[in-house]
Amino acid sequence: MIYSFYSFAYLVLLISGTFWKITYGYVFLAIMVWLGFWLKTVVHLLFNYPFIEPTGLFKGTSEEWDSVLFIASIGATGIIIARIFFSVCFSSRSTLTVEEPAPPPWWYKYYKTSLWFVLAVSMIAFSVTNIYFSFQQIGLVPKTIIWPLNAIFSWLISTGFAMTGATLLWWEFLSKKANSNVIYIILLEAAISSISLLSRGLFIFHITPLYFSVFLNRKLIPPLGLKWTATLLSFTTIVFLSCYPLINSIRDSEYSGVAMTMPWQMEKKSLIDGKEYTTDAGTYLTETGINLKKSIMKLAAFSVDRWIGLEGLMASSAYPEKSPSLLFKLATEKAEIGKASIFQDIALSHYRFMDMRKFSFASLPGPISFFYLSNSLWILVGGMIFVTLFVITSEILIYKILKNPFLAALWGSIVSTAIAQLGINTPGLVIHLLLCSIGILTLFLFQNSFFITRFRIGKHAD
């Protein structure tokens with residue numbers, strides 16, 4: 001009964017995100033939560049392999065599973081309620097497409113070559129410098145700490161250059177003599193930023209929203225053609241497949257000494273060795289069957305298990321000392337070099353035993369697990385409604401200010417990803433979103449200051 005309720009809640013959530021679309025951010029948030037809970041649950045039930053992330057005191061009893069699935073369903077319901085509430089109370093139109101786009105700034109056609117050149121050179125220079133000095137890289141304590149360069153490098157490489165590129169790309173596509181091939185600079189940004197930050201997911205989170213928005217707004221931009229589209233997608237695939245192993249090899253080198261146990265390493269030794277062993281059912285697995293299971297587990301680990309949600313809630317639900325004060329303590333906790341976050345103890349994370357003077361890995365709870373640490377379903381529902389409304393309203397505000405669906409899509413990706421990872425270093429997340437807001441304001445002022453200049457010139461000419 002509870003599993004049926006769980007499946008129904010997440011089916012409605014997925015439908016609300018994919019068929020009842022209003023903003024890019026809501027689409028991405030609904031999909032990520034669905035991936036982190038329902039799909040992960042089904043895959044683990046089907047293939048019966050260990051979870052990658054720690055699950056704390058969770059023992060896997062029927063009662064514990066019922067509790068986790070019920071709480072997860074309540075969390076998903078909070079997201080859906082926020083979506084319905086916004087539609088009923090505000091009925092704002094979607095940010096996915098623009099019906100009557102405004103022309104690009106009048107000055108863009110005069111400076112566009114310089115703007116694209118400066119963007120390309122800047123993102124390469126900053127990314128290469130970060131690789132050398134390590135101001136900010138995933139999982140590593142910065143090797144070079146110079147205030148405020150660490151925050152500047154981190155924000156520009158992870159977000160700032162992508163926001164600038166999305167703005168210039170929209171202006172270029174609206175130009176009379178548009179050069180569609182500038183999109184390859186966006187592809188370069190995603191690739192070099194991913195390598196610089198050692199992030200395998202950043203490439204996807206930068207490229208996917210822009211390509212999605214280009215597709216939805218294809219009627220407003222110059223005809224791209226089947227050949228051009230096929231070439232772009234092929235080249236994107238090649239770049240991604242090149243970046244992924246490169247980043248993995250660098251991570252393997254940099255992360256040596258970190259306790260990272262994959263599920264296929266947690267199986268019986270005979271599974272690793274490729275030998276036969278007896279299962280509970282009394283059947284025998286051949287070497288082919290063992291290798292097939294290992295392959296499935298590896299594929300699931302890098303496609304399904306990377307999404308945040310289920311394990312965090314398993315740890316939170318089993319933790320006996322949940323309270324509103326604990327939630328407040330987590331919400332105000334700042335990241336400190338050499339110190340594990342509170343949730344690492346709750347989840348019994350293996351990252352507690354790494355060298356925290358060198359590494360900064362952490363198990364992430366996700367928003368549903370985070371809010372449920374209050375031990376209150378009301379706080380859970382209220383919290384999910386609040387963060388969902390923030391995802392929706394912030395994107396709509398940016399859309400109305402800049403009238404740029406590409407930038408709205410990127411913002412939706414940024415904020416939905418941030419919410420999906422909620423629970424660790426929340427003050428740092430607030431600062432990151434504040435920097436993003438300053439970036440949006442800068443783009444707005446940059447555009448309108450030139451418009452004011454033109455207005456003044458025209459007024460004097462009269």
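In case you wondered, yes, glycine gets a Cβ from its N, Cα and C as well.
Residues 406-424 are the range that TrEMBL records as transmembrane segment, among 292-310, 406-424. TrEMBL lists transmembrane segment for one of the ranges 228-247, 328-347, namely 228-247. Residues 108, 143-144, 153, 156-157, 161, 164-165, 168, 182, 185, 188-189, 192-193, 195-197 of the same chain lie 6+ residues outside the transmembrane segment (115-133) yet bring a C-beta within less than 8 angstroms of a C-beta in it.
Put simply, of 145-171, 183-208, 228-247, 356-373, 379-399, the stretch with the most CB pairs closer than 8 A to the transmembrane segment (67-86) is 379-399. For the transmembrane segment (379-399), the neighbouring stretch richest in Cβ pairs under 8 Å, chosen from 145-171, 228-247, 356-373, 406-424, 430-452, is 406-424. Contact between the transmembrane segment (406-424) and the transmembrane segment (145-171) is supported: at least 3 Cβ pairs lie under 8 Å, counting only residues 6 or more apart in sequence. With a cut-off of 8 Å between Cβ atoms, the residues of this chain six or more beyond the transmembrane segment (430-452) that come close are 105-107, 151, 155, 159-160, 163-164, 167, 398, 401-402, 407, 411, 414-415, 418.
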